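Scroll down for the structure; my scribbles are underneath it.
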Amino acid sequence: MDFRWWRRSFFGAFLSWVFFFLRFSCSDKAPEYTFVKEATSAPPVIFYDYIIIGGGTAGCPLAATLSHGGATVLVLERGGSPYTNPNITNIGNFASVLLDRSPTSPAQPFTSEDGVYNARARILGGGSAVNAGFYTRASTHYIKKVGWNQKMVKQAYEWVEQVVAFQPPLMEWESAFRDGLLEVGVLPNNGFTYDHLYGTKIGGTIFDKEGHRHTAADLLQYANPRKITVYLHAIVHKILFRHIPGTARPQAYGVIYKDAYGVRHLAYLKRNSKNEIILTAGAIGSPQLLMLSGIGPGYHLRTHGIQVVVNQPLVGQGMADNPMNVLLIPSPLPVEVSLVQVVGITKFNTFIEGASGLSFVYPLARRLAKRFRLFLNQSDYEPFKVPPEDMARAVDTVNAVVNRTLRAGIILEKITGPASTGHLELRNLNPDDTPFVTFNYFKEPEDLRKCIEGMRTVISVVNSKAFSKFRYKNMPIEALINLMLTLPINNRPRHATAAISLEQFCIDTVMSIWHYHGGCQVGRVVDKEYRVLGVDSLRVVDGSTFYRTPGTNPQATVMMLGRYVGKRILQERYLSRRSKHKN
């Protein structure tokens, strides 16, 4: 068997749980959006007041909001619909989402230059259509530090929550995990809340009580259908700029995009000084498209033959990804299939999360079972020796894998920040190809210190009395660490010391939890109103503007940001109209 193929296949199956931890489904009643169409149906040339590039986690709420200001809104989404994709709507095919390498895959895989496997969403609704569904707000401190209007932020969160946020049911494994966190001192018990609070809490979820996923695309139900058009499979290749006599700054005035057949289309802004193009293509897509359009480091753009519109060396800088490290804990008891529902927010700046159960497609389940059998039969994993009675139960676990459901849970730690940052560079001129991305995991010592403290907390929870019934008594922590070191969870070298050093374990087994950000940061590439510095009529509104990831999961804040900035833009437009009428 070709090992590289096996590694990719196994990794997709493993991460379909590690990243998302769930059985996946969408609502049986998909919204009937008459304004959502394939880009192949678009005219060769169109004119709108707002052109939004990216119908993702920020783009959908932004578009819905702007459609109520009297202006027309065009959304160009490079992916398809979450309501028609069989890998998303079919509860049994979730692993197939990450294994789908077709041009319209909803989760486009890539590997960072650090050797860490990752993915970027390519679907209407963005990451909210392919993630674990955990919903939690940013902290009050974060909101104040960013400088957002706290009243407007609260209203924007509530607007989002009316459609996509729910309280999850808490079953046995998650309850034991919660009680373990409390037992080891991650206090107080904050119960269920959307708020970001130190201690242990049950967070929100974007899955309703029937298990149906609600994505940012659902927020388009707020839109004025007469004022908005959404084109799917519309890949924007370039933002167009012009120089207006009497002004020193270039002005964005249109975009070039191609449909699924590769046919070229043009979308232009209508003539109005308040009309804008807004990039909401995410932390990878937004800095990439700025560069492809001539805004970025001049020397880098020229090496790709791109005409420089603005020499902006900070585009693509400050790229960061919150490192995640995991322990997989086989269980002697059956466990429910659960999403991330409980989180421990520590005062040493790590988040401890857990999830249980796993559904695999059959061939991948067999491969995981084979790997697990090999691990159980290893005699050199001292001090892990499996007694006969425990081996029998472990065999049951293997058989459960073959039967597509794994009796196990995972407990992970993710650090805040992070302090370590990297950069993004173009790979080529194709906007649908992921550029070179370097995150520099653990480059800063403080990130590594947080990881070590986080893993110590994970280990304490695994060893807690509250969690004891969901782990094998004769399977020590050393065995769980060794198990992680045998799994192809990234493309980084393994060191023998990783089995005895948490520092080396963090470095060797680092993974992504998809919370990467940066590349178009506020004060560097955009101003506080998210306008791109050095040009007119262009903004960036998404996670690429963040310096730090907000809270335990950024999706709530990214959706909020789309609504928040949309309201701010409408206010500006209203005040501009009033000023003209007075004059």
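Note that Cβ sites are derived from N, Cα and C of the backbone, with glycine treated the same way.
Unlike curated records, TrEMBL annotations are generated automatically.
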**According to TrEMBL, the disulfide-paired cysteine of CYS506 among CYS451, CYS520** = CYS451
**Item:** Extent of the FAD binding site in Å [max Cα distance among VAL236, TRP514, HIS515, GLY543, PRO554, GLN555]
**Value:** 25
**Asked** When a 10 Å sphere is centred on the Cβ of CYS451 (disulfide bond), how many other Cβ atoms does it contain?
**Response** 26
